[in-house]
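Student: So Swiss-Prot lists the following for this protein:
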{"type": "BINDING", "residues": "R52, Y186, K192, R313", "note": "substrate binding site"}
{"type": "BINDING", "residues": "K192, H211, D248", "note": "Mn(2+) binding site"}
{"type": "BINDING", "residues": "K192, H211, 227-235, E276, R313, 432-433, T438", "note": "ATP binding site"}
Amino acid sequence: MLNLERLGLINFKNVYRNLPVAKLIEEAVKREEGVLVNNGAFNVYTGKYTGRSPNDKFIVDEPEVHEDIWWENNKPISVEKFEKLYNRLIAYLQNRDLFIFDGFVGADPQYRVSIRVITEYAYQSLMARQLFIRPTEKELQNFVPEYTLIAAPRFKAIPEIDGVNSEAFIILSFTKKLIIIGGTQYGGEIKKSIFTLMNYLMPKKGVLSMHCSANIGKDGDTALFFGLSGTGKTTLSADPERFLIGDDEHGWSERGIFNFEGGCYAKCINLSREKEPQIWDSIRFGAILENVVYDEATRELDYTSDKITENTRAAYPIDFIPGAVQSGIGGHPKTIIFLTADAFGVLPPIAKLTKEQAMYYFLSGYTSKLAGTERGITEPQATFSTCFGAPFLPLPPMVYAKMLGEKIEKYDTKVFLVNTGWSGGPYGIGKRINLEYTRKMVSAALKGELDKVEFTKDPIFNLNIPASCPGVPSEILNPRNTWKDKEEYDKTAKRLAQRFIENFQKYKEVSEEIKNAGPKG
């Protein structure tokens, strides 16, 4: 018995639960939700929402959770508004087919959460199946979901009545254990609202939830890669020498680390087999593509086209990646890499961090966005997203930072800051740091080869820079050396250091040791 009545779901037509991949694709094709393309993947156009819509995400302001939530970063909606909108959504689903995926989030059985995803589109059920953790036949028999997510993209909110900002909404009710999504078809909303849920639940169980990728070496040494979109998390953790645990969301418990998911959600703009063979080969029958341009006649994909969006995506199960760690579990991390793409060209390509510096750079969550070049603006913008994942944090940042500091200390984890951005000048003048060099620096950090080298202190950013690194020209390790105009470097570096200092002023409760670990300006 699915017991959908307890959710108020009645008078629905057919219910399709945990259908196999081929059947879900068959249903999706039949309903014209998308098309099969020449590599066997299922490609959908998601309409006007081709990315997440942070302005349309709300947390229900319930007395039981009010004190916990970081309201500076999360939008509240009243219980009354939520219930009215929920009842309209339930009424909308009457007389419609429903697709259900029952499964789990969290690969460690001790911490896993059972979820039910109810969708009106077959392909979104396939997406949930490929991204989350799939249950065994036995687990399905007595399955009871703790949390339920309902996604109905064709149901649109009315902002004036519903107290939301547009026709789209993503609303989490932690007390009712419900997530509802409407008006947007973008698959990332399903994935990231479940991540937000885990960011709420896990710290309460003593588990640090993290927006990072993870892999493991042949000797069983685990590494984590933190970084915002476009910094190289997926690319650098897909290393043929190492085995992928997961590409995006993990927990760190007393037992080690574990993937929250059972799949990957990779960016595919400009994807090529040469640069990213693992991702390229994973896009096949069973994978879902979002908003990739294709030729109607030949069904050939054009990964270079950003005609619909630059945020083109592929969702596929992790077992499509050769050598992926099937259990989704690893030991305590030996090394953590914070990735940043600095378009000002002033941060070193690699630096070793102390525990205090690790907390400082974790709370800062820095990268830079390139301004729209079509308007002739080439000045990059500094972006700070706390804990490298601000949009998904329901609790205050210090909750996560404190846990990170404690765990780094307890398990003696080494932390490095790696800049995958520009060198020799800012964006437009300098050039992007060679990916091969970045790979060599990451490899040296993971193998402990940087333990043996000398370090110099960067006077502006207060960072320890290695004097040498195997396979990397020493002159690029100190960014000042790569600039022709040293005065211009000093000015630019001080300007960015000042941005760090200004951004960090909001963390009033941070100790002096952590404050002093940051740039000096």
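The count begins at 1 with the first shown residue.
Keep in mind that glycine also has a Cβ here, set from the backbone N, Cα and C atoms.
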Student: Through the lens of DSSP with three states only, how would you label K233 (ATP binding site)?
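Tutor: Once the DSSP labels are grouped into three classes, K233 (ATP binding site) ends up as helix.
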Student: Closest of the binding-site residues to T235 (ATP binding site), Cα to Cα, picking from R52, Y186, K192, R313?
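Tutor: Nearest by Cα distance to T235 (ATP binding site): R313.
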Student: Out of R52, Y186, S229, T231, R313, which of these binding-site residues is nearest D248 (Mn(2+) binding site) by C-alpha distance?
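Tutor: In terms of Cα distance, D248 (Mn(2+) binding site) lies closest to S229.
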Student: If you count CB neighbours within 10 Å, which one among the binding-site residues S229, T231, T235 has the smallest count?
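Tutor: If we count Cβ atoms within 10 Å for the binding-site residues S229, T231, T235, the smallest count is at S229.
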Student: Let me check the 10 A CB neighbour count of H211 (Mn(2+) binding site). How many other CB atoms are there?
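Tutor: Excluding its own Cβ, H211 (Mn(2+) binding site) sees 24 Cβ atoms within 10 Å.
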Student: Rounded to the nearest angstrom, how far is the Cα of Y186 (substrate binding site) from the Cα of S229 (ATP binding site)?
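Tutor: It is 17 Å, counting Cα to Cα.
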Student: What does DSSP say about R52 (substrate binding site): helix, strand or coil?
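Tutor: Its secondary structure by DSSP: coil.
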Student: Take the C-alpha atoms of R313 (substrate binding site) and I433 (ATP binding site) and report the distance between them in angstrom, rounded.
Tutor: 25
Student: Neighbour count, 10 Å Cβ-Cβ cut-off, for G227 (ATP binding site): what number do you get?
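Tutor: Excluding its own Cβ, the number within 10 Å is 26.
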Student: If you draw a 10 Å sphere around the Cβ of D248 (Mn(2+) binding site), how many other Cβ atoms fall inside it, taking every protein chain shown into account?
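Tutor: Taking all protein chains shown, D248 (Mn(2+) binding site) has 24 Cβ neighbours within 10 Å.
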Student: Three-state secondary structure of H211 (Mn(2+) binding site) from DSSP?
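Tutor: Where H211 (Mn(2+) binding site) sits, the three-state DSSP reduction gives strand.
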Student: To the nearest Å, how far is the Cα of G227 (ATP binding site) from the Cα of Y186 (substrate binding site)?
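Tutor: With distance taken Cα to Cα, Y186 (substrate binding site) is 22 Å from G227 (ATP binding site).
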Student: Given the recorded Mn(2+) site (K192, H211, D248), which additional residues of the same chain have their Cβ within 8 Å of the Cβ centre, ordered by sequence?
Tutor: K191, F195, E249, G389, F392
